[in-house]
Amino acid sequence: ERALLVGVGAANTGRRQGIQYSLQDSLEELAGLAEAAGLKVVGTLTQHIDPDAQTYLGPGKVEEMLQAVASRGANTVIFDGELSPRQLRNLSRKCSQQTRVCDRTALILDIFKQRAFTKEGQLQVEYAATEYQLPRLTRMWTHLERQSGAGKMKGMGEKQIDVDRRLLRSRLAILRGRLEEVQQCREQYRRSRAELAVPLIALVGYTNAGKSCLMNALTSAAVLSEDALFATLDTTVRKIILPSGLQARPQRHHSSSCLLDTVGFIQKLPPQLVAAFRATLDDIKAASVILHVVDCSHPLAAAQGEAVLKVLKEIGATEVPIITVWNKMDLVRDPEMVATVAGGRQSVVCVSAHTGQGVDELLNVIEEQLKASMEFVHLLIPFSKASSLWDVLLWRANASYCIGNIIHGSVCFHLQHRPCIV
């Protein structure tokens, strides 16, 4: 398909709102989304006004859009902002039946539909897409003014569009129930991890910041990693081995944790997706540490970081300790300057997931952060309560510090562990 991109807003709209995304910046990102969806961008159209309530564009710009569609052979028109149901309906009527009109939200939903491979991911995307489609439903069969009456009812029946709305609402109710089941399953997984004292480290970041590539570097996994927006969608969990650090330990060992790779964020993230992926995003709130991955080679790295922090605030994950990871150092023009800036900030690590630069340092910082959130515990277990030793041994597997001694017919343990286990 051939797509024409349309953007509306003042030239400094993004920066005026503190987002640091100009209209042109946002359109360039929209072009990347269109390419990720398999579309070919044939042109862009902009207008520096507030969006019109009826047609989003001014009357003259609508005519210019129709001419651009005809001259460039576009069969899809994508608007950078979210179109209201009225705007979408009016614009669709002005375009030919062969031309599809959609907005950024619909485009992102299309990408998610293509990239969701697990049943859970497909369920979440279908729920978001159905919720988005319901208020924008238009009549698909104009020859069906009303359905025939049935039974002892007099007169004509429902309009076809009413039938479609009723079916969508019914489907939404079914999907909502299935999502609640998914949330219950994830709650059970989180409780199991907590009982086994397994730390959870969550990878978050802007789309195409290199989260999956970093996961491969930290865990030696083989997660799909591509230079594209939303290359990976489904949540992935892998075991990560952290180096031991405390000198008080009799001998060095390795403690295991779980590393969680989550869906990438983006500016103007559709609220339907945030709601649909609530069960997945709740794992971020339950994490021991969040790794906020930032593409430091991107000219809008600061704005992308703000967009991610905004989503974390929306889902209530601001209380979780955050380690900021400046990724793609191998693509930075002046890496020494970037490293100097990072050195003056707290909890910032420079890495290159592609070359492996800084990965060992990041592992050490993760472990230090986990230790900082742990507490010391002293346990004295009599031999008569030997059955309790098994629980202590399970705790010891993920303790940062553990010494066991025999004192007067009892076993004394000194451990450093997570507060929720203590």
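Cβ from N, Cα, C; glycine included.
Remember, predicted model here, so these are calculated numbers, not experimental data.
According to TrEMBL, the protein carries these features:
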type: BINDING; residues: 205-212, 230-234, 261-264, 327-330, 352-354; note: GTP binding site
type: BINDING; residues: SER212, THR232; note: Mg(2+) binding site
type: DOMAIN; residues: 199-374; note: domain 'Hflx-type G'
Fill in: In sequence order, the binding-site residues (GLY205, ASN208, VAL263, LYS328, SER352) whose C-alpha falls within 10 A of THR232 (Mg(2+) binding site)
ASN208, VAL263
Discussion item. Can you give me the same-chain residues 6 or more apart in sequence from LYS328 (GTP binding site) with a CB-CB distance under 8 Å?
Written reply: GLY210, ASP295, CYS296, SER297, HIS298, SER352, ALA353, HIS354
Fill in: Under 8 Å by Cβ from GLY205 (GTP binding site), counting only residues of that chain that are 6 or more apart
LYS211, GLY264, PHE265, HIS292, VAL293, VAL294, ASP295, VAL308, VAL325, ASN327
Worksheet item: DSSP three-state call for GLY205 (GTP binding site): helix, strand or coil?
Response: strand
Discussion item. Rounded to a whole angstrom, what is the C-alpha distance between VAL263 (GTP binding site) and SER212 (Mg(2+) binding site)?
Written reply: 10
Response to the item:
In the three-state DSSP scheme, LYS211 (GTP binding site) belongs to helix
Practice prompt. Would you kindly give the Cα-Cα distance separating ALA231 (GTP binding site) and SER212 (Mg(2+) binding site), rounded to the nearest Å?
Written response: 9
